[in-house]
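Pasting in a structure now, in structure tokens, and then I'll have a few things to ask.
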Amino acid sequence: MTRPELRDDVRIVDTTLRDGSHAQSHQFTESQVRDTVRALDGAGVEVIEVTHGDGLGGSTFNYGFSRISDLELVQVAADTAEQAKIAVLLVPGIGTADDLRKAADRGAEVVRIATHCTEADVSLQHFEIARDLGMQTCGFLMMAHRTTPEELARQARLMVDAGCQVPYVTDSAGALLMHEAKDRFDALITEVGDDAWVGYHGHQNMSLGVANSVIAYEAGVRYIDGSLCALGAGAGNSPTELLAAIFDRMNIATGLDVMATLDAAETVVRPYLNRWPKIDRNAIVQGWVGVYSSFLLHAETAGARYGVPVHEILRRCGELGYVGGQEDMIIDVAIQLAKVSGTVSEPSASLVAG
């Protein structure tokens with residue numbers, strides 16, 4: 001196995017059309033995908049991720065239904081991109097090997113296979129299949145704050161030995177402080193740096209995604225994720241346009257045209273935003289107690305339904321140690337909090353229908 005060849009000093013991977021799907025309630029249209037891919041492609045972005053926020057197969061009752069299927073959106077993206085590769089996310093247990101094969105048939109050339117930070121073993125067959133399909137492979141070790149740097153590195157080694165070319169420190173909760181992030185970058189690079197690149201995926205819940213991206217590069221990380229307008233779960237991701245500007249100021253080559261990324265954010269993405277990612281009480285609580293960023297909208301729905309403050313739901317989810325895939329437990333938390341506070345109320349007709 002070889003590492004993907006790097007065009008520049010660092011590769012900025014854009015996840016507007018995947019992580020951003022959480023903030024858009026998975027309602028991207030074909031025209032939005034087409035226009036966003038065209039703008040990112042023209043700005044020099046080399047890898048553009050496109051799927052439901054929870055990856056291939058994520059359009060379900062538990063995670064939220066997509067307006068348009070993943071495969072259709074991947075096809076639109078692949079048909080639009082001229083130089084960029086289209087990536088998909090696959091979470092074993094949500095997406096299947098068959099989903100991956102179909103995505104590759106529609107034009108996906110990169111797959112990012114995601115597991116909880118201590119469960120890399122469930123991804124091994126998926127990496128083997130992806131390599132057999134000729135795809136570039138990245139591995140997301142999600143909720144990276146929930147284990148030690150040493151254990152995270154051991155999990156990265158499992159992925160790399162199975163065919164992963166780029167294991168990621170994935171700060172799904174936006175919880176990592178700067179020294180904690182660096183410890184994890186150093187551990188992964190020491191363990192797998194001779195065999196694979198290391199990546200970083202951050203969230204802005206504690207306003208540290210961008211700072212940690214700079215620390216990541218200085219530590220030797222060479223794949224860094226961003227999202228136009230920070231569009232993503234929780235308080236959003238590190239803004240792609242901001243990463244482009246910062247690395248340009250640092251004389252670090254990204255291959256991105258700074259003005260073109262700014263134009264993409266302001267003239268393409270901003271007009272279709274359902275909500276602007278923001279660092280508010282709810283998002284800060286997610287980063288503070290380490291809650292999976294995509295829990296935010298689910299907690300807002302449950303809070304409105306049962307008359308419970310959203311930040312209290314999120315805080316309790318953190319105390320209980322819930323991880324990605326346990327979104328269904330948010331309702332239980334809201335009900336229990338409502339019982340304690342005496343605010344149990346019947347769901348409104350509109351909430352039941354929606």
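In case you wondered, yes, glycine gets a Cβ from its N, Cα and C as well.
If you look up Swiss-Prot, you'll see His22 marked as active site, proton acceptor. According to Swiss-Prot, the feature substrate binding site maps to Arg18, Asp19, Ser172, His201, Tyr292, an assignment based on sequence analysis. Residues or ranges marked as Mn(2+) binding site in Swiss-Prot: Asp19, His201, His203. Sequence annotations record features per position, and here Swiss-Prot assigns domain 'Pyruvate carboxyltransferase' to 10-262. Here Swiss-Prot flags Arg18 as site 'Transition state stabilizer'.
Situate these features within the shown structure.
His22 (active site, proton acceptor): 26 other CB atoms within 10 A of its CB, across all protein chains.
Same-chain residues at least 6 positions away in sequence with a Cβ under 8 Å from that of Ser172 (substrate binding site) are, in sequence order, Met142, Met143, Ala144, His201, His203, Tyr292, Ser293, Gly324.
DSSP assigns His203 (Mn(2+) binding site) to a strand in the three-state reduction.
Listed in sequence order, the residues of the same chain lying 6 or more apart from Arg18 (substrate binding site) and placing their CB within less than 8 Å of its CB are Glu49, Val50, Thr51, His52, Gly53, Gly55, Ala87, Val88, Leu89. Look at Arg18 (substrate binding site): DSSP puts it in coil.
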If you count Cβ atoms within 10 Å of each one, which of the binding-site residues Asp19, His201, His203, Tyr292 comes out on top?
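Comparing the binding-site residues Asp19, His201, His203, Tyr292, the most crowded Cβ belongs to His203.
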